[in-house]
Amino acid sequence: MEFLKTCVLRRNACTAVCFWRSKVVQKPSVRRISTTSPRSTVMPAWVIDKYGKNEVLRFTQNMMMPIIHYPNEVIVKVHAASVNPIDVNMRSGYGATALNMKRDPLHVKIKGEEFPLTLGRDVSGVVMECGLDVKYFKPGDEVWAAVPPWKQGTLSEFVVVSGNEVSHKPKSLTHTQAASLPYVALTAWSAINKVGGLNDKNCTGKRVLILGASGGVGTFAIQVMKAWDAHVTAVCSQDASELVRKLGADDVIDYKSGSVEEQLKSLKPFDFILDNVGGSTETWAPDFLKKWSGATYVTLVTPFLLNMDRLGIADGMLQTGVTVGSKALKHFWKGVHYRWAFFMASGPCLDDIAELVDAGKIRPVIEQTFPFSKVPEAFLKVERGHARGKTVINVV
């Protein structure tokens, strides 16, 4: 009997010790995912609830404020944004199939879950809040960024972006000026540097042809090519010739004064061609490259997203692969490289671009600014085409 009492007492003591350890010694695990909790607060924004023409744009005071979901994200208070041709196309449903796959790769959500959708890719503003893993930014920092098209856009009071997509704003620019550059700059940078392989160390003396030189991408491309000591030939209309010459273009060809092909025949062949126009230009433009010298034609006008919209994900990707593969092979046998390029969000690339801006080698080219209340008018302006720089929205 005494032995039984001793066993019971020992067991109770062990139970008490285990209970004390579980309560005191063990620390609860912490999920390092978000620094913000869901909010009930709202913000002003321009959104669309369906795809269509300009009348689908709707202003609301009740868009839910973004929150940080991942530890590498930051929330930016938008001071200025801009409208790009991609925004006009997305308003009409361009790329919806591929972009929705990126938003929801497991197809968990039902059709239309992307709405209300905020457009706008460029942002210049001030950091309001940082995720736990963000080391290079802090609240109060002035930053700029280009937001990928599958994310909620920048035509709102606040936007959340990944830390690797954002960069410190050039000190020499206002927010309005800075908002004109990120998307077009990164698109051109992708084509010239990442795909074309050109940089400040190998560009001196290279002959470069830019088709569609007076728009946002073209005006940036001229300046970065000249900053790297290339010889630039710009193709644009006569009324934009003064602009591109001021940006540094060595030769200017007016596409309205006659056949561009005929005018190019009087010039020496090129080492690099950047095509912002597309269409029939790619049938003749690569012929003006230097043969068997590593010369490259890069186009930013591709059927990638349209193929997916028209054929679906699988068939669209297959068609895209066949198209780019066959064209690259055909031009390879002609002694030139044929490539496609796309916008790539990158904070580190924006760091490099900011250095060029602050060094005075690149300046923003703004055609027109609009107040936040006039976003639909800005869309109509961009939709008309024939840009002479960028269209910027002052949000603050």
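Counting starts with 1 at the first residue shown.
Cβ atoms are placed via backbone N, Cα and C, with glycine included.
Database features, via Swiss-Prot:
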type    : residues                                                                                       : note
BINDING : Ser214, Gly216, Val217, Ser237, Tyr255, Asn276, Leu300, Ala341, Phe343, His386, Ala387, Arg388 : NADPH binding site
DOMAIN  : 52-393                                                                                         : domain 'Enoyl reductase (ER)'
TRANSIT : 1-40                                                                                           : transit peptide
Of Tyr255, Phe343 (the binding-site residues), the residue whose Cβ has the fewest other Cβ atoms within 10 Å: Tyr255
Whole-number Å value of the largest CA-CA distance among Ser214, Gly216, Val217, Ser237, Tyr255, Asn276, Leu300, Ala341, Phe343, His386, Ala387, Arg388, listed as NADPH-binding: 26
Position of peak Cβ density within 10 Å, selected from the binding-site residues Val217, Leu300, Ala387: Val217
Average model confidence [pLDDT] within the domain 'Enoyl reductase (ER)' (52-393): 96
Chain-internal residues near Ser214 (NADPH binding site), provided their CB is under 8 angstroms and they sit 6+ positions away: Ala234, Cys236, Ser237, Ala240, Leu243, Val244, His386, Ala387, Arg388, Gly389
